[in-house]
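Some features that TrEMBL has for this protein:
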type: COMPBIAS; residues: 10-24; note: compositional bias 'Polar residues'
type: REGION; residues: 1-26; note: region 'Disordered'
type: TRANSMEM; residues: 37-58; note: transmembrane segment
type: TRANSMEM; residues: 70-91; note: transmembrane segment
type: TRANSMEM; residues: 103-124; note: transmembrane segment
type: TRANSMEM; residues: 160-180; note: transmembrane segment
type: TRANSMEM; residues: 186-207; note: transmembrane segment
type: TRANSMEM; residues: 262-284; note: transmembrane segment
type: TRANSMEM; residues: 304-323; note: transmembrane segment
type: TRANSMEM; residues: 360-378; note: transmembrane segment
type: TRANSMEM; residues: 384-403; note: transmembrane segment
type: TRANSMEM; residues: 415-437; note: transmembrane segment
type: TRANSMEM; residues: 443-462; note: transmembrane segment
Amino acid sequence: STMRERKTTDPLNSTDPLHSSTDLSEGKEKLRLKQEVGLISGVSLIAGTMIGSGIFMSPEWVLHHMGTPASSLLIWAACGLLAMFGALSYAELGTIIKESGGEYIYILRIFGSFPAFLFAYTSVILVRPAGLAAVCLSFAEYAIAPFYPGCSSPQVAIKCTAAACILILTIINCLNVRLATSVMNIFTAAKLLALFVIVVGGLVLLANGQTQSFQNGFQGTTAGIGTVGVAFYQGLWSYDGWNNLNYVTEELKKPEVTLPRALMIAIPLVTCLYLLVNMSYLAAMTPSELLSSGAVAVTWGDKVLGSWAWLISLSVALSTFGSSNGTFFSGGRVCYIAAREGHMPDILSMAHVRCLTPSPALLFTSAMSLIMIISGNFTSIVNFFSFMAWFFYGMTISGLLYLKIKKPELPRSYKVPIIIPIIVLLAAVYLVLAPIIDQPQIEILYIILFIFSGIIFYFPLVRFKYHPRFLQTVTLYLQLLLEVAPTTRDAN
């Protein structure tokens, strides 16, 4: 059938192991994804995805909404703290439910099939492709900016370059998991070097007395509920990726150790870098110059590096390409896991018989992202992405609180103090409700309607298992064309 019902051991209601180590069907052992992600690759996946376009594009928007340099720095620090709290909460979930899929698998195991389907439907069709499209659009802006000096780049060129970026990432990720993680490691090193250059340049400027932007730093701060919420959206966009390792739990080496350790290294590192980079921007530019800059990092390079400013454009392009690779790597896994659980067409749960990569899921994610690129722009995609993401983050964190209170006996190698997920849940509620209460927009209604439009597909296709015969034929032909076969879980 094209949508299958999985009879799986529920780790929350059973003393059995989380996964069966032997899953044989008619005498043939099924394919498994390899455990290729170690500590260094894990840190690279988190830091490499987080450090993408945001730190080079969002500072002007955070400053625009908050109104003053000091308050914008506070937002950046608060965003880092919130990302750390969220990641620590997810680390505990990842050691209880040792399955790939992030929020999807946690919602499925804790709340059941229907809310998990709504998450998968929304995430696979909109949220993940939107995030990838936004990063690839910013990559394209920086990559082609040197070819159009003194004027803005044409939209057609930007969108064609972004589409080419997605197609290259598709090829890399479909060929080999190790190749994809190697690309992540290399590009993470490159972007850390670029940020290090900006940090050192800023420290030199501050040492030389360029501190005008920080004098009376809070004077004129905007303090509206909705305004602060939107500023958080723009800041948190730069931290998005803190939960990426939870999407590939089954591909981690020793997940109970690697998952918490990688989070505790990557997120504080990124937070410190972001604060120092923002201080460097404000040391080189006045707030008004920063607000009028279309590409903050490039303007910084022109002011500080002079004839070497092209290095910044190159570094930002490399950074955003590496980030889009991390987003693509984890985003395809949500689609793959949802299909494996019977919430998406069967073909999306299969892996290539030689490359051992979830190529159909990756191809589908790629196709949806290309559609987003054609229709969207950076800022609208960020706000829309953030609203939906924090809605589901809040649901996932409430699931952790349920497990901590109702099922404290479940085995877990790591425990987070209960106050931390409570803080994250309150922040998620605020981030979802504040923009609606302060400045209601019709787009929010469209997003909510889209989430619940999943009901139309859930009941006939999943609940009542109605599977048109022609879809079975299509699945068979696609399986032969793509050289893919069904997979089973990895035993952790």
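Cβ atoms are placed via backbone N, Cα and C, with glycine included.
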Sequence-remote partners of the transmembrane segment (160-180) [C-beta within less than 8 Å, at least six residues beyond its ends]: 33-34, 36-37, 132-133, 136-137, 139-140, 143-144, 251, 321, 324-325, 328-329, 332, 352, 355-357, 359, 362-363, 366, 369-370, 373
Close approaches to the transmembrane segment (443-462) from elsewhere in its chain (Cβ under 8 angstroms; 6 or more beyond its ends): 3, 113-114, 117-118, 121-122, 126, 342-343, 384, 387-388, 391, 435-436
Cβ-Cβ under 8 Å with the transmembrane segment (304-323): same-chain residues at least 6 beyond its ends: 48-53, 56, 135-136, 138-139, 142-143, 145-146, 165, 183-184, 186-188, 190-191, 193-194, 197-198, 201, 205, 241, 284, 295, 297-298
Beyond the flanks of the transmembrane segment (262-284) by at least 6 residues, Cβ under 8 Å: 39, 42-43, 45-47, 50-51, 55, 59, 69, 72-73, 76-77, 80-81, 83-84, 87-88, 90-91, 192, 195, 198-199, 201-203, 205-206, 210-211, 213-214, 238-239, 242, 245, 290, 296-297, 300, 303-304
For the transmembrane segment (186-207), distant same-chain residues with Cβ under 8 A (at least six beyond the ends): 43-44, 47-48, 51, 55, 273, 276-277, 279-281, 283-284, 297, 300, 304-305, 311-312, 315-316, 318-319, 321-323, 325
